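Features as listed in TrEMBL:
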DOMAIN    1-239  domain 'Tetrapyrrole methylase'
BINDING   Leu9, Asp84, Gly87, Ser112, Ile113, Leu163, Val225, His250  S-adenosyl-L-methionine binding site
Amino acid sequence: MLYLIGLGLGDAKDITVKGLEIVRRCRRVYLEAYTSILTVGKEVLEEFYGRKLILADREEVEQEADNILKDADISDVAFLVVGDPFGATTHSDLILRATKLGISYRVIHNASIMNAVGCCGLQLYKFGETISIVFWTDTWRPESFFDKVKKNRQNGMHTLCLLDIKIKEQSLENLIKGRKIYEPPRYMSINQAAQQLLEIVQNQRMRGEEPAVTEKTLCVGLARVGAEDQKIATGTLQQMSTVDLGGPLHSLIITGDNMHPLEMEMLSLFSIPDNSSESC
């Protein structure tokens with residue numbers, strides 16, 4: 001059987017008891033290593049689980065999934081995912097591939113950023129469509145996702161922004177030359193996301209458009225949700241461009257209009273001080 005097991009958001013101990021029992025009896029255990037990260041490394045997980053882990057990068061999962069599924073019809077194979085297994089569409093594809101091969105599967109769920117964002121006090125049922133904010137390049141600066149933010153705000157809904165992660169990425173030169181040389185990992189910060197959003201706001205104004213978000217729009221920055229050093233900060237989009245929330249992973253929420261008084265009261269607990277460059 002193929003087991004897809006969520007690891008939660010914090011450290012090695014966030015795996016469920018059920019998930020841990022399965023990991024310890026599987027023949028092979030893969031660790032998905034590109035859609036998110038925990039606060040601890042592979043070695044710490046191996047020590048706690050009592051099992052060796054096989055790192056599975058994007059290329060292997062998306063292009064060489066048969067290697068992961070090999071013999072899963074006659075033995076148990078575990079595929080570990082930070083957060084919940086269905087936090088990325090890639091993992092649905094793995095299930096579809098297994099099903100076509102006649103391999104049974106089982107999912108062990110866990111906490112995900114999609115529900116853990118409730119820690120800031122915003123009500124989960126008032127979130128609209130989630131968006132991703134990617135690193136801009138000199139030649140690629142997408143703004144199309146902003147339409148979804150506009151639609152959410154028009155409906156009074158909050159927008160969860162998942163920030164870009166670059167793991168095992170190749171430079172254009174190395175990609176063209178076929179060299180397996182990879183860039184250092186990069187994780188988008190709240191500051192970088194806010195700065196890109198502010199530029200989109202300016203671009204829309206220059207085109208004569210009325211932006212759905214302004215420098216004064218209330219936002220929430222979250223860092224390392226689920227970890228012991230979790231950070232939350234509430235302030236304007238302009239303040240988010242300078243606030244320091246420390247290391248990855250970061251997420252950003254753009255709030256909707258007409259918030260409930262309880263939401264406002266909860267957000268006030270995390271207000272950014274007047275000097276927004278200070279660490280929260």
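Just so you know, glycine gets a Cβ as well, placed from its N, Cα and C.
Caution: TrEMBL annotation is automatic and unverified by curators.
As a whole number, the greatest separation of Cα atoms within the S-adenosyl-L-methionine-binding residue list Leu9, Asp84, Gly87, Ser112, Ile113, Leu163, Val225, His250 is 17 Å. Here the Cβ of Ser112 (S-adenosyl-L-methionine binding site) has 21 other Cβ atoms within 10 Å, regardless of which shown protein chain they belong to. Annotation for Leu9 (S-adenosyl-L-methionine binding site): spatial neighbours Leu38, Val82, Gly83, Ala111, Ser112, Ile113, Ala116, Val225, Gly226, Ala227, criterion Cβ-Cβ under 8 Å with sequence separation of six or more. Taking the Cβ of His250 (S-adenosyl-L-methionine binding site) as centre and 10 Å as the limit, one finds 23 other Cβ atoms among all the protein chains shown.
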